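Enquirer: Take this structure, written in structure tokens, and hold onto it; I'll ask about it next.
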Amino acid sequence: MACLELSKEVKVKGEEEECTNDGTVDFYGMPANRAKTGKWLAGIMLLLNQGLATLAFFGVGVNLVLFLTRVLQQNNAEAANNVSIWTGTVYIFSLLGAFLSDSYWGRFKSCAIFQVIYVTGLVLLSLTTQRYLLKPEGCGERETLCGVHSNMEISLFYVSVYMIALGYGGYQPNIATFGADQFDARDPREKQSKLAFFSYFYLFLNLGSLFSNTVLDYFEDEGKWALGFWASAASAFAGLVLFLGGTAKYRHFRSSGNPIIRFSQVIVAASKKWSVETPENEDELYEGDDESGRKMLHTHGFRFLDRAALMTSKEQDNEKQSNRNQWRLCPVSQVEEVKCILRLLPIWLCTIVYSVVFTQMASIFVEQGDAMKTTIGNFRIPAASMSTFDIMSVAVFIFLYRRVLDPIVKNIKKIKGEGQGITQLQRMGIGLVIAVMAMLSAAIVECYRLKYAKKECTHCEGSSSLSIFWQVPQYSLIGASEVFMYVGQLEFFNEQAPDGLKSFGSALCMTSISLGNYVSSLLVSVVMKISTTDNMSGWIPSNLNEGHLDRFYFLLAGLTILDLVAFIACAKWYKGIKHGGEMIQQVKEEDKCEV
């Protein structure tokens, strides 16, 4: 029982106050009071925290490729690869954060610890840049390159940026899920707010990067790297203070133990009974008690795993004596937890190619823009600031989707109540289609950029007379695709992940971005190796005017089309999670709803 009974209400001063129905607790471990915890007050604090943390992250990440070329003197291909690897590592760490959160720490503690690491990394980067890397003074802008750095100075730089990767990566999946925890999915009104939260979460993520992509980007492009990094550190610190300030208002789910052990028990139990015939009647399977969340109903598919819940005569005797061996007999819910993750994996794999497309915005798009006409009169537009159009597109399409497109589709389909007009999987498919359009747009722009470019140049920034504003369509299309793909992913993985693995569900979305960066890095290396010959400098050389970046974009468009075909097949095969109506999470009998 939660809150003695899920629907029990307590009268205070003539008013009725009740606890949440989803088993959440407050900071002290007592059942969460619906009126005094969670909902949009806590949600808005977490959205602001996310915005400040993202501002800090993009204050480093948005111009990192230029920092590597101007300050550390790396070439374009090497810098693009290092940025892709670093960005990929950020999201790989999301798996670590999700594991610690779901298994041991809980989401609040995980968010707090990883934010402390994040702030520390930003401060170290700021100090290292100001004290060691910007030598001679004033270097790091377009014309003045910095000198050679010692191994210690370069090591300090990489230690700091990978501390940032660990802190932001471990924090990111937990803050998304922790924000969703503030809304009771078993209350009709709060359930709608929970769905809306993911859209606003992604909106604030983009708004947080807006300041970085405009003001900070401008200062960093002018060589004021230390100022930009210190501003990022201050933003992250402000976000941490805001997060801790809302401690009393948050709702929490108890961590449910190590999922690796639960998964291993199912695999081992099923393997030990490999010769036993799987029963046709699911009523013969062991229901038992699983304390990781709501009961999950039996589903068909992966039937070999059902053997883990099959009771032999020996196990029936052990069960009567309350002596169940967890490595020989598992409840149906535990088996279904494994099935659920196995069904999610093909969908997740199909999102990686999209992330390859998405990651070009932080590397190749910037290099392409830097080789275009970036001036209006005497004012120069930093190439990285063009991602502002991506952010604006995200904001516009979130509004259009929630207020226009989805209601129209619901009316056409005559869907009433809580249903969605466009399903999460359909939205992800639409995102892939728009991503193809974005790559085709970028390829066409590159063809015209080359047409108006100077082939011979020492510093090739601004060497084409084609205006950088021709990049607006490709950035805008990427932004539109994000609304359908990444917001759809966040909702899908959070909804379809088992109750004890919600942070892992969010981490799957982040890890998709991570692997997309690694695949992008590998793809760039393979393309350069194949396309570079004695007489040709490859598709993505240091001087883009001698390359064929357009062919790389066309290649990405083709790969995304193939990925779309695979995604449609996987989406048709996928079977959604099925929950029973009973909450399994236990609350002590003496627990009361604190008012």
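Residue 1 is the first one shown; counting continues down the chain.
In case you wondered, yes, glycine gets a Cβ from its N, Cα and C as well.
Curation does not apply to TrEMBL; its annotations are automatic.
Relevant sequence annotations retrieved from TrEMBL are reproduced here:
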TRANSMEM  40-67  transmembrane segment
TRANSMEM  79-100  transmembrane segment
TRANSMEM  112-134  transmembrane segment
TRANSMEM  154-171  transmembrane segment
TRANSMEM  195-219  transmembrane segment
TRANSMEM  225-245  transmembrane segment
TRANSMEM  344-366  transmembrane segment
TRANSMEM  386-404  transmembrane segment
TRANSMEM  425-445  transmembrane segment
TRANSMEM  552-574  transmembrane segment
Enquirer: Between 112-134, 154-171, 195-219, who has the most Cβ pairs under 8 Å to the transmembrane segment (40-67)?
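Expert: It is 195-219, which has the most Cβ pairs under 8 Å.
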Enquirer: How about the transmembrane segment (225-245) and the transmembrane segment (112-134): do they have 3 or more C-beta pairs under 8 A, pairs 6 or more apart in sequence?
Expert: yes
Enquirer: When you look at the transmembrane segment (425-445) alongside the transmembrane segment (195-219), do they share 3+ Cβ pairs under 8 Å, ignoring any pair fewer than 6 residues apart in sequence?
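Expert: Since fewer than 3 Cβ pairs under 8 Å link them, the transmembrane segment (195-219) and the transmembrane segment (425-445) do not come into contact.
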Enquirer: For the transmembrane segment (344-366), which partner among 79-100, 154-171, 386-404, 425-445, 552-574 gives the most CB pairs under 8 Å?
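Expert: Top-ranked stretch among 79-100, 154-171, 386-404, 425-445, 552-574: 552-574.
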Enquirer: Using Cβ atoms and a strict cutoff of less than 8 Å, what residues sit near the transmembrane segment (552-574) while being 6 or more residues removed from its termini?
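Expert: Result: 343, 346-347, 350-351, 353-354, 356-357, 360, 364, 425, 428-429, 432-433, 435-436, 439-440, 442-443, 446, 523-524, 527, 539-540.
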Enquirer: List, by number or range, the same-chain residues at least 6 past the transmembrane segment (154-171) whose CB is under 8 A from its CB atoms?
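Expert: Residues 53, 57, 60, 64, 72, 86, 89-94, 96-97, 100, 110-111, 113-122, 124-125, 128-129, 132-133, 510.
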Enquirer: Excluding the flanking five residues on each side, which residues at least 6 beyond the ends of the transmembrane segment (79-100) place their CB within less than 8 Å of a CB in that stretch?
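Expert: The answer is 61, 64-66, 68-69, 110, 114, 161-162, 164-166, 168-174, 259, 359, 362-364, 367, 501, 503-504, 506-507, 510-518, 520-521, 524-525, 540.
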